[in-house]
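Working notes, structure below.
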């Protein structure tokens, strides 16, 4: 009865675990009758293939016939698509199915289906890990940090489980460092607590994984012992229950209670706590147009895991037998590289550089020391490589003093770890030094993990990360950020309008990219905007109006054909270059008029943007320039305005998120419009054919004596 896009994904993803469970049940029920078990499994696979073929063929017919052919059970019920379904809950069921899959595999030895985990289980476990890593990325795109962190954690477990099963191929019995998984249990506990803000069901479900990590820590054989396999059986039952509730709430108008709102109700009773709104604005990108939420929570958590994992003592054992490699290489390497990529997309240059550098270091050191290569490569060559990493991290440490105290301590303690790597490579490591500095770095990482997950949940109080140790003037120099107000609120537009009326210059969204604006009747503001940009002579400022009606005082000085062309073409992403004349003096530009246009012409435009039009209606005609330093790329997000220009140059920003278009406007040459000809300085968002079509219609009306009644 599952319908819709997400439900079809759930159905397809449910097929492998169903078959696997039946494959396990038949032999056990019939006293290991392998012949019957194999036949039953083949029949199950055939059934799944037939059902999937029917569903796929039905969806294909529905698409090809444009909805005229509707095979039963394959049609989407779009009326059930709610706002909640448009988030990562669409794919949440797939992640739950992957938990079912891995739990069914790990519980097989407990019920006697197989004697123990073997290499044949690796594809199932790693497939679940890959799928859940994909769920992690999708949840970041859906701006759901908590769900992304959860699936990042569970996918790590899947890769570690698969690695343990893979060792059986080499007849190696894995050994789990007993204290270490407790660290993972603590991270899961914190995540479970904060996940209660979504629903109590999410928090309670994640507690099963806390118990799972504790069971791993309690037994040196880890995934191969009955305790962990028993907890996996409980996870299987819990995952099935959560999957049922999730899918039922997707397709039914009657909802099963999941405890939503209880966390918020509890917090509202505590006067000292203020909860942040649980929406996408919580993860507004620091710089640039980003489609991902902040990944620092997962990044710091992975550093905690990698740091505490390498404190394990190998002794006389084969390095491959000690379960450190998955945590050091997968968590410390691959996942931190992923978090670095997300931080880079969000414009966090230092954070992304640190994560990528540390991810590379964990990968290299993990493979070298715990991958069986250490004895062969130990010496001068390894030392030279570590020194190179130390030089890069030294630069990061210096840069961190301009960010905050937490990042400075973070980078500095990692430098101490690199020193321990260097001393170990040359055989001069003091006893206990490496374990000591690694634990310190792990604790610092845990503090950062806790601070980011707490601060993203509560607006006040905040766990302090510290101020910059060194303040710089201008951008990022510790000065207060200028007002950043949402464009969707009328009061915000009025606030920006007041700033402009008082001589301020502000950033504003448009139908293309963000621009820097000043009121034409405030010449001081226009001059200030010109100096901010240090305008190149080939890129003069332009003038914008809300509609042609704002040209009413000067209509007798402009061509009727030009006015009619403006009326027909605007509002739009078309800028018109018209002859300069005495009409410009009426708008109060004064001496600042020389900064608008060239001595012969001026560009004028009426944008196709409700926010910009409303602001111009309140302020009057405005002088406009691009909101970026001359020669740099256009500004496509409101956070870029302040980041690129700084508080001393911008006194307010009207925030509307990512720009709808990254293409500039089309600039039309109307200086010779009286001759019936127009040209183009630049072809942008509006194509030439469309502009010519509009102009020809206006010319035809003029030739027939039909002029604009507004004039």
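Cβ coordinates come from backbone N, Cα and C, glycine included.
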Stated TrEMBL location of transmembrane segment, expressed as one of 12-34, 150-172: 150-172
Feature transmembrane segment in TrEMBL, mapped to one of the ranges 69-90, 91-112: 91-112
From 279-300, 433-454, 455-476, the residue range that TrEMBL assigns the feature transmembrane segment: 433-454
Transmembrane segment range according to TrEMBL, out of 42-62, 252-272: 42-62
Distant-in-sequence neighbours of the transmembrane segment (433-454), which means Cβ under 8 A and at least six residues beyond its ends: 145-146, 149, 183, 186-187, 190-191, 194, 294, 296-297, 300-301, 303-304, 307-308, 310-311, 406, 409-410, 413-414, 416-417, 419-421, 423-424, 462-465
Annotated stretches the transmembrane segment (320-344) and the transmembrane segment (380-401) touching (3 or more Cβ pairs under 8 Å): no
Result, the transmembrane segment (150-172) in contact with the transmembrane segment (203-224) (3+ CB pairs under 8 Å): yes
Mean per-residue pLDDT computed across the domain 'YrdC-like' (490-686): 86
Recorded stretches the transmembrane segment (350-368) and the transmembrane segment (230-251) touching, at least 3 CB pairs under 8 Å: no
